[in-house]
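Database features (TrEMBL):
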TRANSMEM  B:12-35  transmembrane segment
TRANSMEM  B:42-59  transmembrane segment
TRANSMEM  B:65-87  transmembrane segment
TRANSMEM  B:108-129  transmembrane segment
TRANSMEM  B:149-168  transmembrane segment
TRANSMEM  B:197-216  transmembrane segment
TRANSMEM  B:273-296  transmembrane segment
Amino acid sequence: MRLDKTELALVGLAVVLMLAGTLAAPGWLIFLITVALAKALVVQGVVMQMKAGLVSFGQGLFYCVGGYAVGMGGQFLGLNAGLVLLALGVIAAVVLAMVLGLLLTRYREIFFAMLSLAFSMILYGVLVKSQELGSTDGFNVKAWTLLGRTIEGGEQATHTVFILTVLTAATVAFILHRFYRSAMGMTCEAIRENEVRVEFLGLSPRWINYANYVAAAAVSALGGGLTALATGHVDPDMAYWTTSGEFVFIALLGGTGSVFAPFLAAIVFALVRTYAIEFLPNAWQMILGFTLLGIVVFLPKGLWSLFTRRAVAPVPSSSPTNARTGGVRA
Amino acid sequence: MLSFLAVLIDGTIYASWLFLVAAGLTVIYGVMRILNMAHGSFYAIGAYAAASAIGWYFADGTGSAGVSFLILIGAALVAGLVVGTLVERGLLRFMYGRDETLMVIITYALLLILEDAMKIVFGVNPYFAYQPYTALGRSTIAGLKVSNYDLVLIGIAVAVGLALWGWLERTNLGKILRAVIHDREVARAMGVNVRRMFTLTFLIGTTLGALAGALTAPSISVVPGIGVEVIVLAFAVVVVGGMGSIEGAAVGALLLGLSRAAAVHFAPQFELFVIYGVMSLVLAIRPQGLFGRTLVRKI
């Protein structure tokens, strides 16, 4: 298997992160990065759909499903193997997405955004009203095991979840990187550019969107499950629409330029938020709002474009043949 | 029978509230093609302005219900016009012509900004403006006690709906607006100042939002976050009725209001679920909403 530059960087970064995290970093920072990476997986789900031109304002649905599957698996099914719990969340999300996708893939643009938001609010409404699941308070995740070892609280647990999250995130990013360059991944971008033309080429945008939606749900559920394991708690706010809004925010902050972008953006977001809440508790949303406006206006391709701008700039402006045939987008 | 009547009354009251909240959203979307995520914030600003004004009017413990109504409406007008102008002149006019989805994100940023701006201006403690609500007392309809304030709310919702409809369908300005709704470019070619129409529409929309908040303020405690809760309900109404349609918003509000009231009386655990459930059902059958126009795809 030949690895390209991004993939090598991915492997290297994961190794460095795990070493630095377990050996040197303070506990609170490890925890912050763990949760940020887990949330970044949900953001990867948002980005997957953004690449196909769809903005999901309801990705919190699968985040919540993944999290609650981990919590409920321990509570009601007596499962305690961490990997099984994560898998349970992914399966639940995939099944749910396969049903909802049938309806959602008929919609585009704001209708898609609103309908996905409505679905996640339905789950929120159900969870808030279910007493046995702790209503608005949610409930705690039971003690779990990883490959036979029981994960107790304290530093050992923090480190274990951290390594599990880094490994999962790196694996998912690796697969996504390959997916984006596969025929289907490329078609997703083509759908964003012009759906009708894709249809005329004999492909079905609807089914490609469907597959993409289901895959995005699986990735997001993984993020939700890891968050539940890391924080040890789940509550209905995971499905509230502002949570989904946060994921859209992080997706735009990073941009869709690279699989690294959501991770970078999620960590920047978590750090900024931690300090902003510390120093300006009543103004941090306002800071986020202005940042979002700034990104939309000045950095429409996200933070990641700061790194790639130089590579894109030298494309000759005077190449009419290339332009007329559509060319290859960098 | 009694519970059926209760559902009908509660449903109508809730529907009038939903309509008031959603009217501004649908007007803005209809004309400007902007799905205004910050609409809930205008609602909250209206509520805060009204609660402050009412608190100030009743500061010495006395006052009349009639005057307090004028104060509610006045506060809403001032708040909606001032903040609406600031937002439209200061931000939105630079964003016109961008992609609809991007406008959702821009107004989402606006929502984040306004939420905290309200915390800074009004603080985080709850505001109360119960005086107009209690001053009007209650009446009994077929054995059910109903607050008179809620009945007035129904009247106001009907009046707002009729005024909007009459304005759009029966006046020159309304006709021009409908031309903009129908085809922005052709309207511009015919000499319509589309941008001025946008400014006007946005101000009307924000003022309607603020009015909804001001009229709600007496029956709730005004706290941070009320706008965020309201916006998704308003979306549901507008999407069910068909985006940009006044009649649609009215029908959507009635449908959702009655469904929710029925759920509250017969199956309270489905209270929140039912609104989005009905919305999903309507969209599954009629993707463009009950009164929406189908769009032709352009290559």
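Glycine is treated like the rest: Cβ placed from N, Cα and C.
Caution: TrEMBL annotation is automatic and unverified by curators.
It should be emphasised that the depicted structure is a prediction, and the values quoted were computed from it without experimental measurement.
The stretch in B:12-35, B:42-59, B:108-129, B:197-216 that contributes the largest number of Cβ pairs under 8 Å to the transmembrane segment (B:65-87) is B:197-216. Long-range neighbours of the transmembrane segment (B:149-168) within the same chain, counting only residues 6 or more positions beyond its ends whose Cβ lies under 8 Å from a Cβ of the stretch, are 12-13, 15-17, 19-20, 23, 27, 69, 132-133, 136, 139, 174, 177-178, 208, 211, 215, 218-219, 246-247, 250. Ranking B:42-59, B:108-129, B:197-216 by CB pairs under 8 A with the transmembrane segment (B:12-35) puts B:197-216 at the top. For the transmembrane segment (B:108-129), the residues of the chain that approach it from at least six positions outside its boundaries are 37-38, 40-42, 44-45, 47-48, 50-52, 54-55, 72, 83, 87, 91, 217-218, 221-225, 227-228, 231, judged by C-beta separation under 8 angstroms.
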